[in-house]
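Enquirer: This is the structure, below, for whatever I ask next.
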Amino acid sequence: MNSSLVHTKFSDTASATSGGLSCLSIDHKSASLSLLERVERHADELVQTLTQNEGHTPLAGDSKTPDQGVISGADDAQQNGSVVIATCNRFEAYFDANSSAPEEAIRAIARITGVPETELTQATRVRHGVDAAHHLFEVSSGLESVVMGEGEIGGQVRRAFSQAKLAGSTTPELERLFQHAATVSKTVKARTRVQTQGRSLVRLALLLAESRIGDWAGTRVLLVGTGAYAAVTLAALRERGARHIAVHSPSGRAHTFAKTREVRPLERDALTAELAAADVIIACSTAQDPIVDAELVARTVTAAPRPFCTSFTGRAGTADLPRQRLFIDLGVPRNIAPEAAQVPGVEVLDLEVIAMHAGVEELSSETEARQITSAAAAEFAADQAERAAVPSVLALRDHVHSVLEAEIARAAKLGPEAAQVQAALRHFAGRLLHEPTLRLRALGRTGQAPVAAAAVQTLFGSSALEPVG
């Protein structure tokens with residue numbers, strides 16, 4: 001399973017459209033597995049293109065010239081950025097940029113993947129402002145995963161943000177957003193049961209497999225892949241008592257992976273023989289093309305007097321029946337060709353099949369978790385709005401303090417009592433500013449920052465809003 005986490009930084013842009021937070025999302029709810037595969041297959045090229053500032057050939061009808069890049073502009077004073085989360089069931093980009101950034105990114109994705117733009121647009125959800133923040137909070141809390149409450153996604157979101165920050169591709173607004181998301185995820189985990197009862201994709205897949213397997217201890221398992229999901233899968237297998245586990249790595253890392261995990265590594269040329277011997281094959285590699293095709297599976301069909309578990313077929317096996325094998329495909333793109341399911345004795349559980357069984361959760365826990373994320377989104381929006389009033393607050397304080405400093409300078413000429421006069425004036429200025437400052441911030445928090453600015457200008461004149469010095 002490809003759980004690569006990438007970050008992008010779009011070029012700065014001067015645009016008539018307003019800026020701010022936005023996101024695009026292509027996930028298991030909006031797109032088919034085949035479309036997700038096509039996007040995932042071009043992940044590296046997508047990252048390269050989305051991060052470049054120049055040098056791409058524009059789409060037909062695109063008014064940009066080739067040297068402008070995907071999202072371009074001339075205002076270098078505006079720092080725009082983005083964070084991208086790419087997992088097997090999700091491709092999302094969060095922008096702090098001009099509001100057309102998601103649409104421009106969709107055009108780039110369509111051009112690179114070959115997916116028609118109309119089809120891609122239908123499978124993509126675009127959100128702006130507080131809706132984008134709310135969506136991230138639900139994603140990081142596991143509420144938008146294939147398996148409700150999935151624990152892995154929170155870590156994936158955090159790592160995506162960390163990588164983007166290290167690369168310098170975040171903005172203060174994106175940093176606030178992702179830090180808030182991490183806090184919300186922890187709150188959901190602490191206050192609800194949705195994550196503790198939530199089952200990961202791996203665990204759900206093994207749970208489905210258990211209806212076909214009587215005893216994991218006697219089951220011969222082949223693990224294909226050596227990445228993060230392979231490690232999670234191995235741990236889940238061990239929890240169930242599996243002892244006979246071999247690992248194959250398309251990239252040649254089997255021995256490294258097996259060295260500290262007490263599993264049997266396969267040489268590269270041993271895959272065919274192990275496929276013939278294994279009862280359960282679990283594929284979770286990041287390979288871009290199928291590792292196991294129907295022809296390979298057909299060559300490894302063997303007859304057996306009994307299947308490894310009679311509950312697999314509901315009857316005892318006979319010598320003229322193929323031995324039953326279960327293939328679990330957790331990869332995107334698929335590690336196992338869909339046609340393999342047509343081979344006698346083979347059953348394939350891929351992500352589409354697994355997703356069909358992933359809708360069972362306690363509604364009360366989900367409802368409570370969504371209430372937490374909704375409240376957090378409202379609080380985040382209020383914080384954003386309050387920050388919009390900060391210029392008015394600073395302008396008021398600067399104006400009062402400029403008058404204060406003039407009075408202090410005059411008081412300094414009064415002689416021995418000047419210090420006491422200065423202290424009294426500063427205390428007076430603080431008392432004078434306290435209540436107006438609270439009121440201005442409150443106006444901003446309710447989305448009335450322009451009212452706050454107008455109030456300061458009305459009371460003190462336009463010069464009060466000009467920076468001092």
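Cβ atoms are placed via backbone N, Cα and C, with glycine included.
In case it helps, TrEMBL gives these features for our protein:
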type	residues	note
ACT_SITE	C88	active site, nucleophile
BINDING	T87, C88, N89, R90, S145, E150, G151, E152, Q156	substrate binding site
BINDING	G225, T226, G227, A228, Y229, A230	NADP(+) binding site
DOMAIN	208-352	domain 'Quinate/shikimate 5-dehydrogenase/glutamyl-tRNA reductase'
DOMAIN	368-461	domain 'Tetrapyrrole biosynthesis glutamyl-tRNA reductase dimerisation'
REGION	50-70	region 'Disordered'
SITE	H135	site 'Important for activity'
Enquirer: Measure the Cβ-based neighbour count of the residue listed as 'active site, nucleophile', defined as the other Cβ atoms within 10 Å of its Cβ.
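Expert: A count of 24.
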Enquirer: Could you put numbers on the helix, strand and coil content of the domain 'Quinate/shikimate 5-dehydrogenase/glutamyl-tRNA reductase' (208-352), residue by residue per DSSP?
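Expert: Across the domain 'Quinate/shikimate 5-dehydrogenase/glutamyl-tRNA reductase' (208-352), the residues distribute as 49 helix, 29 strand, 67 coil.
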Enquirer: Please work out the number of neighbouring Cβ atoms within 10 Å of the Cβ of G151 (substrate binding site), leaving out its own Cβ.
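Expert: Other Cβ atoms within 10 Å of G151 (substrate binding site): 18.
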Enquirer: Which whole-number value in Å describes the distance between the Cα atoms of N89 (substrate binding site) and T226 (NADP(+) binding site)?
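Expert: About 19 Å separates the two Cα atoms.
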Enquirer: In the structure shown, which of the binding-site residues A228, A230 has the fewest Cβ neighbours within 10 Å?
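Expert: Sparsest of the binding-site residues A228, A230 by Cβ contacts within 10 Å: A228.
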Enquirer: For the binding-site residues listed here (G225, G227), which one has the lowest count of neighbouring CB atoms within 10 Å of its own CB?
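Expert: Fewest other Cβ atoms within 10 Å, among the binding-site residues G225, G227, is found for G227.
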Enquirer: Please work out the mean pLDDT for the residues of the domain 'Quinate/shikimate 5-dehydrogenase/glutamyl-tRNA reductase' (208-352).
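Expert: The answer is 86, the mean pLDDT of the model over that range.
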Enquirer: Whole-number Å only: compute the distance from the Cα of G227 (NADP(+) binding site) to the Cα of C88 (active site, nucleophile).
Expert: 13
Enquirer: What kind of secondary structure is Q156 (substrate binding site) part of, going by DSSP in three states?
Expert: helix
